[in-house]
Amino acid sequence: MREDLGGQSAVCPWTTQVGEDLLDMDLHAITAHSALHAKPSGLVLQYGTAGFRTKAEHLDHVMYRMGLLAVLRSKQTKSTIGVMVTASHNPEEDNGVKLVDPLGEMLAPSWEEHATSLANAEEQDLPGVLMDIIVKAAVDLQQDAFVVIGRDTRLSSEKLSQSVIDGVTVLEGQFHDYGLVTTPQLHYMVYCRNTSGQYGEATVEGYYQKLSKAFMELTKQPFCSEEEYRSLKVDCANGIGALKLKEMEHYISQGLSVQLFNDGTKGKLNHLCGADFVKSHQKPPQGIEMKSNERCCSFDGDADRIVYYYLDVDGHFHLIDGDKIATLISRFLKELLLEIGESLNIGVVQTAYANGSSTRYLEEVMKVPVYCTKTGVKHLHHKAQEFDIGVYFEANGHGTVLFSKAAETKIRQLAKELEDEKRKAAAKTLENILDLFNQTAGDAISDMLVIEAILTLKDLTIQQWDALYTDLPNRQLKVKVADRQVISTTDAERQVVTPPGLQEAISDLVKKHKLSRAFVRPSGTEDIVRVYAEADSQENADSLARAVSLAVFELAGGVGEAPPGF
């Protein structure tokens, strides 16, 4: 059924054609279905780095509309687009959604704006906002569309993913529902489909086979045989990672024995467990039995982050976060390139939250260039694409390694053609490491297998890995402010531009302690300012963090009580 869009004057022929195409889309069906996924009045959401996230009961309309948007993005790019229903490490009652672009990367910034305007449109404005997106993005509505959908294990996820499907089908898009998958698995599927299978087979089985083949090749060396050495305890955050690791277990059992904890059979998703809990609380998750010197790791709720940890003989907890994971991987890759005799350039990308000791170790000991970007995976991923081999990890354990097309071609050629046995073996190892990484996104399963392969090949214990360098003591605090926008930053968020006087105050405070630094940045979602400080002792880091927090409170419009001491 056609709807009259009303009189329009002086429009170009192309816009008129778009208008005709929009009529062909059957506006009546779009609005009728939208009424079944009604938007709560006054609700305003913002599409950020993590997509949309809020309480699950507020997301039905968003899911339907992201189904619509995914079809438009697919038509515009002439590619498969992904829609993932997850709220990652958020509490179980939350949910969220994010779109995956053609090469498995995050949604383009201009389309984040389209997502926000579409999600926030009132019912009567929906056709107009759709029209606006179609015109602005020059979407060819005659183009076919294909969307792939995945979801995590939250109780709300199945119904919400059905709302996405409703949005896809009302615009006559084709779709494939992968059902329960990790977020990085869906990124992988999108990339596989858009490279005609060159990156891998676009099935969960294909994912397991690609990773396990590379892992088993790497760990088949004869000295890797101690059973105890090759066992790992995994906290799955009561999330999707447990289901997928169980499915994958038999593919890798010859190279690694995994014991799963917080596997979803009891306990709440992300509650007192998972990578985010372990990193922020600096202590083991509940529900895992740890003995001294055992290797343990934690995934987050959608299995795109990983951190390692262990208890020493005195029962002290040691966390190995994304910084140390990046250091282990970078060191291994650099050693391999030296063995091969190949000078591909490696770059490590961090954020301001990276511990100063890790940066110093990489730059001064390993002589690897380190670059700092703004917080947010998309910034790190983008910077890592500038190198032959780009290693990026956030301190929270989200990261991967990217290989340029030229580097990948060179590595595969060397593995095939080198005549010197030692160099050829090193090139073959590098080729398998390349295949073991999920280059589309941070992936806890993939990163875990890479780490386990490196520890095995280098005959390293978790304590030896931890001892590469000692983290500087640090402290993170939050300060409530009336308006977070009064703070602006530069130099990858390491320097404050406004309000006047705040950076000078921070610089003066930093001078009072050894090996110290501090920075502040506004939250992306709420009126708080995040404070980070590190120094030569925990006492000094705490003192610096408190002093900087007070400076923020006084100079940037703090509200409520002044920041507390320790």
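Please read every residue number as a count from 1 along the shown chain.
Cβ coordinates come from backbone N, Cα and C, glycine included.
Given the ranges 40-67, 208-235, 404-431, the record in TrEMBL names 404-431 as coiled coil. The listed stretches are 75-124, 202-307, 496-548; of these, 202-307 has the most Cβ pairs under 8 Å to the domain 'Phosphoacetylglucosamine mutase AMG1' (321-459).
The sparsest Cβ neighbourhood within 10 Å, among the listed binding-site residues (Asp300, Asp302, Asn396, Pro522, Gly524), is found at Gly524. Most Cβ neighbours within 10 Å, among the binding-site residues Asp304, Glu394: Asp304 holds that distinction in the structure as shown. On a Cα basis, Pro522 (substrate binding site) lies 22 Å away from Ser88 (Mg(2+) binding site). The two recorded residues Asn396 (substrate binding site) and Asp300 (Mg(2+) binding site) have their Cα atoms spaced 10 Å from each other. A Cα-Cα distance of 25 Å separates Arg530 (substrate binding site) from Asp302 (Mg(2+) binding site). Other residues of the same chain near the Mg(2+) site, with their Cβ within 8 Å of the Cβ centroid of Ser88, Asp300, Asp302, Asp304, are Thr86, His89, Thr182, Thr183, Gly239, Ala275, Phe299, Gly301, Ala303, Arg305, His398, Ala444. Take the Cα of Asp302 (Mg(2+) binding site) and measure to each of the binding-site residues Glu394, Pro522, Gly524: the nearest one is Glu394.
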